[in-house]
Structure formats: structure tokens, C-alpha cells
Amino acid sequence: MVASDKPEPEVEPDDQRQETDKDLRITFDDGEHPEPRRGRRAENGGSIFRGWSQQRDGSRGSSRSRQRATDAPYAGYQIEHRTLSIHVSESHPSAQACQQLNVSADTGLSNDVAAMRLECDGKNILPQPKTNYLRKILGYIFGGFCSVLWVGVVVFFICWKPLSKPESPTNLALAILILIVIFLQAAFNAFSDWSTSRTMKSITDLLPSKTHVMRDGQVYVLPSCDLVAGDIVRLTVGGKVPADVRIIQHSGDIRFDKSMLTGESEEVVGTVDVTDPNFLESRNIALMGSMVVNGEGVGLVILTGGRTVMGRIAQAMSDVKEMPTLIQREIWRFVRIIVCMTILLATIIAVTWTAWLRTDHRGFMNVVGMLNNVMGCVVAFIPEGMPIGVSLTLLMVARRMKAVDILPKGLSTVEPLGCVNVICSDKTGTLTQNLMSVSSISFADAPASTEQVRQSIAGGNAGQAMSMLHRASTLCNDATFDASTLQLPVKERAVNRNATDAAVLRFVAECNPRDQSQLCPEIPRAHSIPFNFRNKWMLTMFLNQAQSEKQRDTYQVYMKGAPDVLFPACTHFWSGKTNSVLPLDDEIRSALKATQDSLSRNAERVIMLCEKTVTPSSMPGTNAFSEEVASSALESLTIVGIFGIIDPPRPEAVTTVAQARRAGVRFMMVTGDYSLTAAAIAKNIGIFARDARPDLVDAMRANHDVSAEKLRLERGEDSGRALIVEGKEVLGLSSDDWDLVCEYEEVVFAHTTPEQKLRIVNEFRQRDNAVAVTGDGVNDAPALRAADVGVAIVSGSDVAIDASDLVLLDKSDSIIDAIRLGRLVFQNLQKVIAYLLSAGSWSEIWPVLVNVFFGVPLPLSAFLMIVICVFTDLFLSLSLIMEKAEFDLLSLPPRNHKKDHLITGRIYGQAYLFTGTMETIVAHSMFFLYYWRHARIPVKDLFFLYEGYKDGFHGYTLDQLNAFNYTGQCVYFVALVILQWGNILAIRNRRLSIVQADPFTKARRNPWLLLSVLISLVIAIFVTEVPGLHMLFLTAPVPIEFWLIPIPLALGILLMDELRKLLVRLYPSGPVAWAAW
């Protein structure tokens, strides 16, 4: 496009700007809307619209400015009642709309004017909701487990004063300690939220939204945030509308998906003319955030940022409550169980004291002692470190995904990946490279080699049929070479637009590489209909250049698309033998169908070129003209020729399919290609792995021996069958048919539409399959959104990326890494929970029960319980987050998300009955051993002692007995800390021996494990050996022998678990294996 000679637009005067603002205000009206004002009809002509496809893409850096959305001249609006109505002078023709915003539709704004408006209006970004920091802080301090801990604070303060006489500094210190724990947890939760939001923001920043903008007569690719009112932008299929835009030109079939704003799934047809006075209803307005699902157009930006409809909705939706994710529901399910058990035990202790101990053993336990035991029960049973561990686990795995070029759009996406058992993958751009090239050419009655066509056209001796083929290939094409790469060889040039058009464009350029002028014909397009996934064809239309009056109003039409769609509408063909147009007979139809099938079996995509001459009755540029052309497109076509286009598979495609099958995940292809082409590609990349011919739907129905159960058994025996389903058959399948289809091992869905892809995904999900969908095009968006996990390619359309849960930045085989990491996060979470339950719950609650019901001096104080739960165990459990997979996780079958919960009875059995019971017995044994060795008090004298533990017992004073008890409690504490070292070495491997997967060798090296062990040891020494804590928390130094004795006992716990694992490996069907977690 040549820059206009018109003077550069200037910034409009304030009085004119204010007058314009009146047309751009938003009000909420309660009454009926006025009738729209009628203006002259805008033209859909070709000058601007064609110029976009010929214009060289430029680049421009974004300028920074402060955001002052509320002070912008377009920001005024008044909210009165209910109905949103934005009047933008939409009844004016497009030229007058451009005049109001002082912009030329031919050249756009100047860069200087755009910069001034950006400075004045602010960035084109949605307003971020104001954070209620007070509410957040209160949530951190009082939310979750902290609410229970606050009860402990209150109880310990009451026990300090007034219940204790004299006042008990220990209870005061415990209250202060729990306050410190609360604020530490709150600080960590705040840091976790900040870190998570920063990670998600970095992911969002890696996927910036770009827009083609006309400035100074040149087309620039700019960030959408730099748009200003008055910019002329291009809207293309698969893209997101970057602002509230007034349509000034379109291809005749442009459609928008406004479901994000309106909630209605029906697509809206765009027009140039006003259709409704309501801004939301008028079809000449494209709202920010809506998707272009078909066609293309040129628009005038009228509202940006917070002044758009989406911006106002965002401001109104600032307090939307997020729904809990699957993993959050699993965690809270576990927490509810633990809390209920805690309340039950605390109630039992309180009732036991009230009904029995208070009367029968009055001197044994006073109110303060009972409350301390109750709070000890609460602290013991609730794993305070679990929410921190879960959040860190998800965050760390999300970062691992990012390191292998996988961007999860939310932490909730990470864990469901481990459940995926079906992948429905698009073909083009996902399994293939989307680098297409013309490999075969044929006329209807004669094949022609590509080299023959190139030589004939380059030598100027091409016949009429070959010339028409070259002309149709050139004119029925939306692709253009990037101007900055024109000096390169044809195969190395960058091409704008889709891969099919790019392949044909390169072929045309190779026919005459010295004369590139023919690639940008001077004949303007009168009309065009871009390719879409429903029609499966594109159309271009040119005014006939003949001089006779008879042909002055005729148009030459060229069409390109799928043979299955165009072939039935053809009546004639260009003969490569006679170089003339001949009637299409059955013989030629059969020959052409055989040629199509032959190319398809070679994995070539077949494209048909057609032409015809038409004389429309409607006025060019009107909606009636567009509708007439579209409705009569598939009539009286003349076949020009067919192309066979090769799209080579991605190098990693074969490995991806094989790895998915090894992981127990069925890999399906869902494509719009012809069935033979799809089957050939499926064979090449391993989706069809067997030599047997795939079943067809009719054969499947006719075979009464086939049942869903039989197909399921065959899959389990690795002898599953293959099936090809045509898109036209999808909607006709009954529920019984789908039961069979969903049990096939290998399935290819060919010639499908977006609606059929969505139906396929929903049918698989309804049969308890966890479905992942991969795709990159706008046609994949509905299926991506409906899937359990939607996976988009970063090079794909904005629609696909917006609908997805994961974005692959590099190779498509990254989805296998994502599945593996999804399984890893689930296993690591189970390890964290199993570890915390052993000592932090089971081994801590038994001292309270032994004290209350058996009269034994309390083996473990509430202070030491808090230290284990919040400090020593927490650091060790966090080291499990960094664990690598102990074996190939892809060798496991996918997890059933409806049956396999995060916390299972087997995990409770491992933590409580196996490891927890051993730790409880050993720790109590150490407690009683200390009494025997240092006080010579046998175990039998400590049971049922109750109030007998007083001055004179075994000849000791009360102070001496208390000293023995304080030291014994620290012995119990040290024993648990050291025993947990053996537990963590055992629990980090569920199946493998420590010899096979030690924490020192490279394969499973975990330096965080050794560091956490060292930290827990330092904490234990600090708690027991610092004199200041002895008086405050009633601790005491532990004799050296009780630091050493638990070490071999911790190894004993490890050896017992090693024996359990050995029995599981030797007898995989035995009772131990059945009970193994």
C-alpha cells in the first residue's frame, strides 16, 4: 500500500473532542432504546482490505506512559439503572466515524498522534481489581488451620491467667509461641501467593497479544496494550479482538464469538452497518475479548482499556470467588477427616476428665492440665505444615514444567495431568510441522509433474489449462511473502497467512522466480471469503477486465478447498489434454476420484482449484452482495486442477505417540483431512501401529461379535483394534455406538468440524475418560475448552491459547513430560502426607492418651509437639517436594480420578499402623528406659499412677520427679526426631530399595534431604540444650546415650520398610502387596 498524500492527522481541538465524547459515553438506561438513525451504506471495497494482505509488516517499540484511565477524555460514563447502552454514533457511515476520531482509513493515525493519545488515555489493558489488603491479611492470619491455633492461643492465655495460681509463665510462653507460628504461617502464605502470582504473570508475559495496526500508511505489528482510540486494526480469523472496535470493512463472512461477554454460544455475524442502537447488540461493533471465528475485517478502535465493555465488567467482577480445584478438594477432604478426629478425641478427653478423673483422681489433673492435654491433642492431630507443603509442591512442579517449555496457566492444571488416559490431537501444526509444499499436480483428465508445470510457465509455453492453473493459484491465495525476506531463496522466505496458502504461493513463485510482480496482481479484489473449517473452501472475486458492455458487470470467481466439498458442485473441467473447458462426465469423475485417493494414500493433503464467471444482481459492497455470493458459491464450478500437498510429520511425533501408548494413554487423531490422508499419516507416526486394516463404522456396527467389554479386554492384552470415523458419521452415532468407539485402542476421526470435535471429547469424558486435547487453531478451541486438560501450541491462534490450560512452547512431545510431572506431583504429595502423619499425628496423640487413660506421667509436652509439627517435620517434609521419580512413572497406568484419592486407607495404614506404631512404641520405650536407668523406676510402677506421682514416690521429691518428667519428655522428643530420619529414607521410595535409589547417587540425588536432616538436628539441640528454654518451656538436657540409641532404631524402621518392599516385589499378589500404599 502506498502512503496517502493527505496531510498527517492532528490532534482534535478540545471542543471537538468533547463533542466526540458525547457519542462515546456509556449509560445504563431503564427505558426503551431509540430507533437507530439511518446513514448511508459503507462500502466493502477492496482498496483498504486488499492493502492489508499486500502491506509489509513493520515493527515498532512500545512507548511507556503512565496509566491515567480515569482522566482519559473518553472515560466519562454515568450509571443509572440496569441496561447497558453505549452510543458511539454507530449509525454514521464508516467515513464519518473516522472523521469523528480524526483519522484516515487509508493511512491510520500518525505515530506522533498515537503516542500523544496513549499518553493521555493510558495503556489498553483491563483494569486490575483493587486488592483488599486488610481482607487478605486477615485471611492469612485467621484462615485455615490458623483458626484452630487461635483457639489454642486463647486457651493458653487463660491457663496463664487467671486459671493458674500462681501464674504459669510456661502457658504464657506457649501462647506466644503459637502466635509466632500463626504469623510465620501467615507470612509464608503471603509469600506463596506472591510467588505464585509472579510466576503466573511471567507466564502471561511470555504470551503477549499482538495486533496488526495501520500507522502512517504502514502496517505494524504492535502489542495490543499500545492501541489507542482511532487506530485502524486488522481482525483475522483465530484472533482476539484487542479493543472495542467499529467494523469499517470485512470479507463478507466475518463472525464473532461473544460468549465470553454475553454467555451465548451462538456466533454473531459482523456487519458494517448499524443493526441495533444498543452497543452490545449492534453487529457492527466487535467487543474487546470476543474471538474472530470466521472471516477477516478492518476495524476502527473506539474504546480502549477500562472504558471498554470488558473493562467495565472487570471492574464490576473484582470480588468473584474462585472455585476450589480438584487438588484443593482432596486436601480439604483430608483436613475435614483430621479435624473431626481431633474434635472427637478432644471431646472424649474433656468428658473423661469431667466424668471420671475430676472425681476419682482429684489430685491427678486440674483444669489447666486438662486444657493443656486437650490443646496437645489438637496440636498433635492437625498437620499444620501440610498446606505449605501442598502449595510448594505444586509451585515447584509448575516451575519444572516451565523449565521444559511447558507453561501451565494455573497451578490447578498441574495435578490433573496425571489422570489423562486419552489424548485427542489435532494433526496440522501439532503432529506435523505445518511446513507444507506442493508435491503433486494433476488436471482432471491428465496428471502433470510439478517440474513440468514450473518449466512450462517459466518458459512461457504453457497452455491455456496450465495458465489458468497458475492464474487461479496466484489469485485465490491470501498468503504474501514477508518483504524483509524477499532476497532469500523461495523456500527460505517467511510467509504470512496459513500453511496451505504458503505452499501454493511458494509453488507459484518457483514457477517464475525472476518475475515476482505477478505475485501481487494489480487487479483489486472485489470480494473474498476466507477459508473456514465449516465450509472448507475459500473464494476470491475479481471484476472482469473485458471491454465489452456485455461483460462489464461480470466477475471472475476462483475457489480453492477440499475436493469432497467442491467436487459435487462442479459441472465442467479444464482439460490438460485439449487445453479447453469440457463437460464433466462420469469417466472423468471416476478418474479424478482415483487420483485423489492415490494422493491421499501417500499422506498428501488434496486441494482442488475451481473457477467460474458470475453476474451478481446485488450492489457490490452491500450485505446483500456478500450473501448472494456466499449462497451461490457451490454452483456451476469448473475444475482447474488439484494439488497434492505434503506436510512432513514433526520429528518427535513418532516418539510422542509411542511414549503415550507406553504410559497407558490412548492417542487419537482428530483432523479435518480426508480419511485416507489421515489414515496414511496415522500409519506413518504410529497411531495405527498394527498391520491389520482399520475398521470402519459400518463394519463395526455389522460385527455383532464386537462388544465394549471385549474391546476393553483386548486393549488390556495389548491387542486392541483400530478404527476410522468420518466426521459426517460422528453426529449419527448412537450411545451404543459410542460405547464401542470409546473402547478402541487406535482411532482416527477424519474430516471433522469444530462441533464434531467437541462431541468426540464430550463422549469420551462421559465414559469416565480423562481427556487431553492438543490443538493450535480456532477450530480446536471448543474442544480445548471442554477437555479435562486443553493443550495449545504457542504458535497457534489466540483463541486456542485462551481456551487451553497448558501452552507448549517448543516441541509437541512436551505433553509427555507434562503427564509425567502430573503423576510425580501426586506421588510426592502422598509421600509428604504419609510422612507427616507418622510422627506429627499418630506418635504425638498417644502420649496424651496414655497420660489420660493410663495415668502415666505425660511423655510429651504440648511445646515439644508444636516444635515437631511446625519445625522439625516441616523441613524434612519439604525435602520430599524435591524428590525425583523413583522409577519410570510412564510405566504406570493413568490414575482414576474418581476412585484413586490423594489420601487412601492404605496411606493411613502405612502412616498409622505400620510406621507410626513402630515410632510410638520405640519413643515410649525410650521414655520408660530413661526412667529406669536414671531414676530406677520400673515401667509397671508408672502405669495407672495418676495422682501417685507426687512427693515421696520412690523416695524422690516433687521437684526431682518433675525434673525426671521434663527430661523424659525431651528424650521422647529426640527419639521421634531421629526416628523420622529413618522414616523419610523409607518413605521417599514406595517400591525401590534404598540400595537401588539412595539419596547420594546422581539418579536420585537429593541434597535437600541431608540439609533438612541437619536442620532438624540443630532444632532439637537448640530446644533441649539452651538453658533459657529450660525454665520457660520446661525442657531439659538429654543424656548423650539417648541421642545415640535412637539412631540404630531409626535404621531399624528403614529396614522394616525395606522388608515390606521386598515382600511386595517378591509376592506382588500377596497380602502385603495388597495393603501396600
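In case you wondered, yes, glycine gets a Cβ from its N, Cα and C as well.
TrEMBL entries are annotated by machine, without manual review.
According to TrEMBL, the features are:
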- 1-43: compositional bias 'Basic and acidic residues' (COMPBIAS)
- 50-64: compositional bias 'Low complexity' (COMPBIAS)
- 88-161: domain 'Cation-transporting P-type ATPase N-terminal' (DOMAIN)
- 1-74: region 'Disordered' (REGION)
- 137-160: transmembrane segment (TRANSMEM)
- 172-191: transmembrane segment (TRANSMEM)
- 331-353: transmembrane segment (TRANSMEM)
- 373-397: transmembrane segment (TRANSMEM)
- 832-854: transmembrane segment (TRANSMEM)
- 860-881: transmembrane segment (TRANSMEM)
- 911-932: transmembrane segment (TRANSMEM)
- 966-987: transmembrane segment (TRANSMEM)
- 1008-1026: transmembrane segment (TRANSMEM)
- 1032-1056: transmembrane segment (TRANSMEM)
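Relative to the transmembrane segment (137-160), the listed stretch 172-191 leads the set 172-191, 832-854, 911-932, 1008-1026 in CB pairs under 8 A. Of the two recorded stretches, the transmembrane segment (172-191) does not lie close to the transmembrane segment (966-987), with fewer than three CB pairs under 8 Å once pairs fewer than 6 apart in sequence are set aside.
When each of 373-397, 860-881, 1032-1056 is checked for Cβ pairs under 8 Å to the transmembrane segment (832-854), 373-397 comes out on top.
Each of 373-397, 911-932, 966-987, 1032-1056 was scored by its Cβ pairs under 8 Å to the transmembrane segment (1008-1026), and the highest score goes to 966-987.
With a threshold of 8 Å between CB atoms, the same-chain residues lying at least 6 positions outside the transmembrane segment (1032-1056) that come near it are 169-170, 173-174, 177, 861, 863-864, 914-915, 918-919, 922, 926, 929-930, 934, 963, 966-967, 969-971, 974-975, 978-983, 985-986, 994, 1023-1025. Taking the domain 'Cation-transporting P-type ATPase N-terminal' (88-161) as a whole, pLDDT averages 80 in the prediction.
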